[in-house]
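As structure tokens, the structure follows; a few thoughts come after it.
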Amino acid sequence: LNPTIMWGRVKNVCKQNGLLILSVLAVVIGCLLGFFLRGKQLSEQVKYFQFPGELLMRMLKMLILPLVVSSLMSGLAALDAKCSSRLGIMTISYYLWTTFVAVVVGIVMVYIIHPGGAAQKEDSEDSKKPMTSSADALLDLIRNMFPANLVQATFQQVKLIPKPTVAQLLDETTTRRVYIYGIQDDNGSDVQNFSLDLTPPPDVIMKTSPGTSEGMNVLGIVIFSATMGIMLGRMGPNGSALVNFCQSLNEAVLKIVAIVIWYFPFGIVFLVAGKILEMDDPSAMGKKLGFYAITVVMGLVLHGLFILPAMYFFITKKSPIVYIRGILQALLISLATSSSSATLPITFKCLLENNHIDRRIIRFVLPVGATINMDGTALYEAVAAIFIAQVNNYELDFGQIITISITATAASIGAAGIPQAGLVTMVIVLTSVGLPTDDITLIIAVDWALDRFRTMVNVMGDALATGIMAHICRKDFVKEGEQVRAFKAKLMLSDVSQLSFSTLTVYYCEIG
């Protein structure tokens, strides 16, 4: 082969995929740097070392709110009522189906590998912390769907907080008891009496009180923005001013993403290395939770690399490999940030520029998917619940397995797209079958690492769903360019017909 042609091809590949190559190198360098610095005993310096990675997370989180609001409002306002209802029903049905399939995969894997036999249960300080009940967690999910204050929803979520309260003390006569002891001296002659007043300890009751937790209420913002978008579409010309504003805001956010994206390789190095520096002893952790981690990763690989691409192939008859290659940048960012919401701007850009999906479909399907489609989280919760049952030698019957599958599907919908949100919704799954919620502390040691892999599956599921919906609804959505060309052609035809009619009239008058 001609060296000039080869060099030209290499340059072309680097030019087209330069950012992707840099991001892959950044992840590798971050891992190597993190393991190298673990032996240097950096205790105080870790926070300074993590600072560039923290900046990356802050940049991404800054873009979530304007992107979600603008894309949903402008996307749904551009659709007519029939298209939006059809797209909405199909999207949510598809998301629920794939989430349920992920749960089934997780349950099958955990029963085949049986990781609970190798794990050892240890008491932890965290196990003494009060946990939220299943009913309270479900009510919090519904409350967050309808935020009372939209401004507060941009940075806080509603959450019932359990607080220990002392029960009302009884009367003094019933609470104080007198005991008299007769104690003899060494010679056994003198007997002395002592009286002790003992007060029994008060009863401590856990009571929940309304409170808030840090983090954007994405679910509430998505529901409000979707409702507002549908209403703007029905208002017609009266709502066009706000729709145009949302479209302009959406374009501006994507321009900002195009600039910020060049900081990613630098930020990823320190983000990944910083997490490795915070990690506990890997060898001790591997002995206890190695099989559990392998079970989760194998389930995620099976679902993310085989089942979801197979569904894409059978529905669209297109190669999933080419499609996934277009979203590799988003998958790498999700691996580094461990947040599907923070990855949303990058996924939006990849689908629009690399996979050429219709902008109107992306604006609806992607934000909804980043909120309710959590395949990886659902699989992880099912595996973790049955793992905790195996550690406690608790045999689950078929009815309880069905309960786990349904509650894991429902709980994953309420999991916010933020790092380690699945640990919170895990409470719903465990209490639904009577498992101890304190045992969540068993899996915290490896959760930070598994969280990254399940976030990758979540992002891939959202992206593949967008491609599938674009294929199914392709007749409902004439591409914007084709729509403009058709409109121009119609105008030209009308102009020609008017011109020919006027020319004929003049010609007829002249002859007459």
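Every residue, even glycine, has its Cβ placed from backbone N, Cα and C.
Listed in TrEMBL for this protein:
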TRANSMEM  20-38  transmembrane segment
TRANSMEM  59-79  transmembrane segment
TRANSMEM  94-113  transmembrane segment
TRANSMEM  216-236  transmembrane segment
TRANSMEM  256-277  transmembrane segment
TRANSMEM  289-315  transmembrane segment
TRANSMEM  364-389  transmembrane segment
TRANSMEM  401-430  transmembrane segment
Among 59-79, 94-113, 256-277, 289-315, 364-389, stretch most in contact with the transmembrane segment (216-236) (C-beta, under 8 angstroms): 59-79
Long-range neighbours of the transmembrane segment (256-277), counting only residues six or more past its ends (CB under 8 A): 19, 22-23, 25-27, 29-31, 33-35, 37-38, 42, 46, 49-57, 59-60, 63, 329, 332-333, 336-337, 345-346, 348-349, 448
Stretch of maximal Cβ-Cβ contact with the transmembrane segment (364-389) [cut-off: under 8 Å; candidates 59-79, 94-113, 289-315]: 94-113
For the transmembrane segment (94-113): best-contacting stretch of 20-38, 59-79, 289-315, by Cβ pairs under 8 Å: 289-315
Spatial neighbours of the transmembrane segment (289-315) far in sequence, C-beta under 8 Å, 6+ residues away: 98, 101-102, 105-106, 109-110, 113-119, 321, 323-324, 375-376, 379-380, 383-384, 387, 442-443, 445-446, 449-450, 453-454, 456-457, 460-461, 464, 467-468, 471-472
Other parts of the chain folded back onto the transmembrane segment (59-79), taken as Cβ under 8 Å at six or more residues beyond its ends: 87, 154, 216, 218, 221-222, 225-226, 228-230, 232-233, 239, 242-243, 246-247, 249-250, 253, 256-257, 260, 263, 267, 333, 337, 339, 341-346, 348, 359-364, 366-368, 370
